[in-house]
Amino acid sequence: MIAEKSATWILLLLVIFSVFFDPSVSQLDSRWAAKKRQMREKVRKMFYHAYENYIAHAFPHDELKPLTKSFTDSLSELGNLKLEHLPQDYNGSALTLIESLSSLVILGNYTEFGRAVLWLSENLNFDVDARVNLFECNIRVLGGLVSAHLLATDSTNRLLQGSYNNQLLYLAEDLGQRFLSAFDTPTGLPYAWINLKYGVMENETTETSTSGCGSLILEMGALSQLTGDPRYESAALRALRKLWSMRSSLNLLGTTLDVATGEWIEHSSGIGAGVDSFYEYLYKAHILFGKEEFWRMFHSAYLAVQKYFRHGPWYHEADMRTGKATYWQLTSLQAFWPGLQVLVGDIAAANSSHREFFYLWKKYGVLPERYLLDHQTVHPTEKYYPLRPELAESTFYLYQATKDPWYIQVGEFIVNSLNLYTKVEGGFASIRDVTTMQREDHQHSFFLAETCKYLYLLFDDSFLVNRNYIFTTEGHPLPVLSAWHDKLPETYIPSNWTYIKNEKQVKQASAMSLQVCPAMSLSSGDGDQKVESACHVPDARSDHRCFSDEECGVDAINCRRRSCSIAGYCGLWLLL
């Protein structure tokens, strides 16, 4: 039964990343095609405004400070909220350049990609006395190098025309070897912090997060596949298995734990900060490596999330031991969840949550870091927006799944907001307070690695045509290769495609591509065919009776939320 469900869900992914990237399927009518071209160029300008200012004012340091046109060597600060044990002689590792490599390829700038690879090959050195966060260094630096190596060696790209000799892979292997000492614990769970030169420092904290232990398998597993050295994948897999063994009887995991004792420190959990990428990597690891073990973990974890965290379109936090709600709040990182749900085929639920996140974006102009659901207000101290990509990411996935032009409009709104509120002369600045739009002097590397990338792909997915990639949690593409699988899944056979016939040709497409928003009639040779909107969420009862708004869905005609009237019927009673 599990294998059958796995086959079905994997097939949905393959349909999305093979059929939808077929040019014959992804064509919109001329009005939307023009809009996409216009928005693509806006995003291209955004990326280069951020990138060129980084090169001019911050390179080879880690990240740009756009307000003062200066730099910060921030790799040792990532995840280091108290700014403890900062290095004295660390001068940066060109973090933003590494993060930009795959984005340069996607934008088609092979010349700049080649220059960046050459500079990194000759100058990047990890033998530095710097204490870094293992998770952050893994997803940003190791992931960036591994992904760029795969792009540089892809025979279909021909990016560097014979001048590339695996330099990025050698750098990635050097970094991976420095990671291994972090896993030398009684439990196999890795320390959160490691010194790149000296390994784990004396009296290092043993506290880490679920994401920190459970979001290493993609990058380290890919490194093992590329080098033939099994140590990296084995270390990440051992940690992941240990973490999964620590789940509660409800199949829930906490947020923070002790790597020495294997005991939970924080039992409240959700799908946001500290846990988010754990769920993401379980499923993506199943796709990338083809192991049923990952699928079984994810399936159990996903059902538990839906049972204990979900409340209508929202996801609150709950105690891993009892399932009882703890905090009625969301974090901006949760906005990745609809994108993950698209991969598993849960389109209706993905759309429902995505629309609520977009509602908050429109309310504040950007997405606040933390929002209190029970008080319907932004968190009093976490009011910032650090240029995060998660809403753009989910918008991209939902558009690929549905081809619903409404998501193009969402992307346009996000782009315009970023240009209005965060663009400055020296790049793009984070927002310190979404209620005042006060800016902060920091352009995070993930703005180029993810935010700009997902927005660009929303409007121009030509990079993905005839290719099958998964993206790491930092937005770095890794190709799905049969050679990395224990066996090629039977689910690669496209058994559930539908066929749309016209006079000229037979087009092959997934049924999901026939969903548009709002609901509309499509002309065909047999007359008008009504196509249901992708945004449609039906009312809980077929007779449309209700006791609360939670029992009402999203209208199929205009995509507005329905509400429960005093008389107890769902309808468009409120103007939103």
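For all residues, glycine too, the Cβ spot is worked out from N, Cα and C.
Here is what TrEMBL says about this protein:
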ACT_SITE  GLU136  active site, proton donor
ACT_SITE  ASP276  active site
ACT_SITE  GLU369  active site, proton donor
ACT_SITE  GLU390  active site
BINDING   THR473  Ca(2+) binding site
SIGNAL    1-26  signal peptide
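Distribution of TrEMBL features across the structure.
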residue : record                    : contacts (Cβ under 8 Å, 6+ apart)
GLU136  : active site, proton donor : LEU75, LEU78, GLY79
ASP276  : active site               : SER211, LEU333, GLN334, PHE336, TRP337, THR473
GLU369  : active site, proton donor : THR331, SER332, HIS379, GLU382, LYS383, TYR384, TYR385, PRO386
GLU390  : active site               : SER332, LEU333, GLN334, ALA335, PHE336, GLY339, LEU367
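Within 10 Å of the C-beta of the residue listed as 'Ca(2+) binding site' we count 26 further C-beta atoms, all protein chains included.
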